[in-house]
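Visitor: Take a look at this one; I'll ask things after.
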Amino acid sequence: MKQGIHPNYREVNVTCSCGNKFVTKSAMEKENFNIEVCSLCHPFYTGTQKIVDTTGRVDKFNNKFGNLFKR
């Protein structure tokens, strides 16, 4: 690797909006970085993910436009 062309690699303090804090390494200039979602509060990891039921939407569409496509 060439010398002097790579950015400095330093520790960065990451703070989530849920209050979780951790330290990671990055080439970014700032020492502190704020995020909105982390693995402790993301719905996929917490199991609070909602499944959208589209059946009602399909029925509503068919009631409104169903007779337009019949032959």
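Using N, Cα and C of the backbone, Cβ positions are placed for all residues, glycine too.
From Swiss-Prot, for reference:
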type	residues	note
BINDING	C16, C18, C38, C41	Zn(2+) binding site
Visitor: Which Cβ among the binding-site residues (C18, C41) has the fewest C-beta neighbours inside 10 Å?
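Guide: Among the binding-site residues C18, C41, the sparsest Cβ neighbourhood within 10 Å belongs to C18.
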Visitor: Excluding C16, C18, C38, C41, please set out which residues of the same chain place their CB within 8 Å of the center of the CB atoms of the Zn(2+) site, keeping sequence order.
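Guide: Going along the sequence, the neighbours come out as S17, G19, N20, I35, E36, V37, S39, L40, H42.
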Visitor: Using a Cβ-Cβ cut-off under 8 angstroms and a sequence gap of six or more, which residues of the chain neighbour C38 (Zn(2+) binding site)?
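Guide: The list for C38 (Zn(2+) binding site) reads V14, C16, C18, N20, F22, given in order along the sequence.
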Visitor: Including all protein chains shown, what's the count of other C-beta atoms within 10 A of the C-beta of C16 (Zn(2+) binding site)?
Guide: 17
Visitor: For C41 (Zn(2+) binding site), name the DSSP secondary structure in the helix/strand/coil scheme.
Guide: coil
Visitor: Could you say whether, by DSSP, C16 (Zn(2+) binding site) belongs to a helix, a strand or a coil region?
Guide: strand
